Amino acid sequence: MDFSSLVASQLNAGVIWPEGILIITLMVILIGDLIVGRSARSWLPYVAIAGLLAAVVALYFTWDNPKPVAFLGAFEGDNLSIVFRAIIALSTASTVLMSIRYVEQAGTSLAEFLAIMLTATLGGMFLSGASELVMIFISLEMLSISSYLMTGYMKRDPRSNEAALKYLLIGASSSAIFLYGVSLLYGLSGGETSLSAIAQKLTDVNGGQSLALAIALVFVIAGIAFKISAVPFHQWTPDVYEGSPTPVVAFLSVGSKAAGFALAIRLLVTVFGLVSEQWRFIFIALAILSMILGNVVALAQTSMKRMLAYSSIGQAGFVMIGLTAGTDAGYSSMIFYLLIYLFMNLGAFACVILFALRTGTDQIAEYSGLYQKDPLLTLCLSICLLSLGGIPPLAGFFGKIYLFWAGWQAGLYALVLVGLVTSVASIYYYIRVVKMMVVKEPQEMSDAVKNYPVINWTLTGMRPLQVGIVLSLVATSLAGILSNPLFTLATDSVTTTPILQSAALATHISRAN
């Protein structure tokens, strides 16, 4: 074997060809904007969407790859990473549809916005499969820095600037905390950076039990908890969600959060397997706090964006039930819930964006009487919100059932009961919005709705944002009907990923003892 063949076999770059498609798409957008100029606005977003969908198709063809390890072990292209990378790519494609009209109305460069968003997507996708410390940190910062830039993209809006500054300061602090935990792992393992090598070295040294390892665990969890908006590392979420451009908020609530959970699974399961009881205990506490605070504080919100911000904190708590279960059913239900959360949450944000573009407000009280002026928007928003609340037979109901059942089977009875109670509480603030939209008395109609312009929902007259809303509605509805195939997909991604099978076996043995 010659040198070039040896290098090619070691790098195995074909594993990341979905990301390669996105890199080419990013270059086309930047060069197209440079050459064509402002007239490129009409086709650049669709190039981005086409590239993202092509990346999802490429991910499909890498399923069950017999050689998933790439770049000398720095990246794992296993089925677990494929599912998370697909979630992130699909969330970005939906967000691009939402962004076109929003960015144009703000008078800022659409090409630059798309370039930053695709960079964040690349960071999230690389983070989902990263299995080496340097790769993890570079991917994490690639995602984080792009998110900071998108948050402050509307530079003429003081709220956007404030949100970006808060996000930057708190995000930089969390990155430093996470990096300190990672540096402890590097030192404890004697200079290893591969996650599997670190796990092996930690096992050889004192059986993995040491004060330094416990400190590293706490710092790493703090960094991950910031990314998934878990209480008490959630302080940035309401202010950043309220002040940021709404399409950016939609991406942060799904794409960024999915990347955070992918990192949590791979890092905690691989490196901290010997202290799995400890990190599960910490995540049980985080889940309880997130579900209670997120859903209770959401009851008092008057802004749709702040309500959805606290809702996303509560939703993160539900997802953590699957993570703490540590079983095949737990991981599968976690992935399944993120798959349907993608559709219902992005659908809700798309409706909020359209209403804000038409009325200039996101206050909940201003939605009063919307059904009389825009029945289809009311229907779409109602279905997405009720699905988030877990109302049967919508997709969110099946997602929560799977999560709660996995937690119950794992013996997490108190956690499941808290989840059930807070889920019931969340239904109130979702139904409150729905009830407000369908009031029939003209005197109860808000001023914003009274002046609501006529919207064309015909097939030929819909704008990209309206297409995104309809697609989200269809996807949310189909996710409820086709919950079994989606759950089978999630289960297959777990049962064919070696690190999760080893972790599930270890968890079963420890509980049996």
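Even glycines carry a Cβ here, placed using N, Cα and C.
Source: prediction; values computed, not measured.
Per Swiss-Prot, the feature transmembrane segment maps to 43-63 (among others); the stated evidence is sequence analysis. Beyond its flanks by at least six residues, the transmembrane segment (43-63) meets 14-15, 17-19, 21-22, 24-26, 28-29, 32-33, 77, 79, 82, 85-86, 89-90, 92-93, 96-97, 99-100, 110-111, 114, 117-118, 121, 125, 464 of its own chain at Cβ-Cβ distances under 8 Å.
Long-range contacts of the transmembrane segment (80-100) within the same chain, counting only residues at least 6 positions beyond its ends with a Cβ under 8 Å from a Cβ of the stretch, are 18, 22, 45, 48-49, 52-53, 55-56, 59, 62-63, 68, 110, 113-114, 117-118, 120-121, 124-125, 128-129, 245-248, 250-251, 254-255, 258-259, 261-262, 265-266, 335, 338-339, 342, 346, 349-350, 353, 463-465, 467-468, 471-472, 489-490, 493-494, 497, 499-500. Residues or ranges marked as transmembrane segment by Swiss-Prot on the basis of sequence analysis: 80-100 (among others).
According to Swiss-Prot, the feature transmembrane segment maps to 110-130 (among others).
Residues or ranges marked as transmembrane segment in Swiss-Prot (evidence: sequence analysis): 133-153 (among others).
As annotated by Swiss-Prot, transmembrane segment applies to 168-188 (among others).
For the transmembrane segment (211-231), the residues of the chain that approach it from at least six positions outside its boundaries are 140, 170-171, 174-175, 177-182, 184-185, 187-188, 202, 237, 256-257, 259-261, 263-264, 267-268, 272, 275, 278-279, 282-283, 286-287, 289-290, 293-294, 312-313, 316-317, 319-320, judged by C-beta separation under 8 angstroms. The transmembrane segment annotation in Swiss-Prot covers 211-231 (among others).
If you look up Swiss-Prot, you'll see 245-265 (among others) marked as transmembrane segment, on the strength of sequence analysis.
Under the heading transmembrane segment, Swiss-Prot lists 281-301 (among others), citing sequence analysis as support. Away from its own ends, the transmembrane segment (281-301) comes close to residues 217-218, 221, 225, 229-232, 234, 307, 310-318, 320-321, 323-324, 364, 412, 414-415, 418-419, 422-423, 425-426, 428-429 of its chain (Cβ-Cβ under 8 Å, at least six residues beyond either end).
The transmembrane segment annotation in Swiss-Prot covers 307-327 (among others).
Counting residues 6+ beyond its ends, the transmembrane segment (335-355) has Cβ neighbours under 8 Å at 80, 83-84, 87, 90-91, 94-95, 97-98, 102, 246-247, 249-250, 253-254, 257-258, 261, 304-305, 308, 312, 315, 318-319, 322, 362, 367, 370, 377, 380-381, 383-385, 387-388, 394-396, 398-400, 402-403, 455, 465-466, 468-469, 472-473, 475-476, 479-480, 483, 486-487, 489-490, 493-494 in the same chain. Among the features that Swiss-Prot reports, transmembrane segment is placed at 335-355 (among others), with the record citing sequence analysis.
If you look up Swiss-Prot, you'll see 401-421 (among others) marked as transmembrane segment, on the strength of sequence analysis.
Note on the transmembrane segment (467-487): residues 94, 97-98, 332-333, 336, 339-340, 343-344, 346-347, 350-351, 354, 377, 379-380, 383-384, 387, 393-395, 397-398, 402 of its chain, located 6 or more positions outside it, place their CB under 8 angstroms from a CB of the stretch. The transmembrane segment feature in Swiss-Prot is assigned to 467-487 (among others); the stated evidence is sequence analysis.
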Long-range Cβ neighbours of the transmembrane segment (133-153) (under 8 Å; 6 or more residues past either end): 71, 74-75, 103, 108, 113, 116-117, 119-120, 122-124, 126-127, 160-161, 163-165, 167-168, 171, 175, 178-179, 182, 185-186, 193-195, 198, 227, 240, 243-245, 248, 251-252, 256, 259, 263, 267
Contacting positions for the transmembrane segment (245-265) when only residues 6+ beyond its ends and CB under 8 Å are counted: 80-81, 84, 87-88, 91-92, 94-95, 98-99, 102-103, 106, 117, 120-121, 123-125, 127-130, 136, 140, 143, 147, 150-151, 153-154, 160, 224, 227-229, 305, 308-309, 312, 316, 319, 323, 331, 334, 338, 341-342, 345-346, 349-350, 352-353, 356, 362, 500
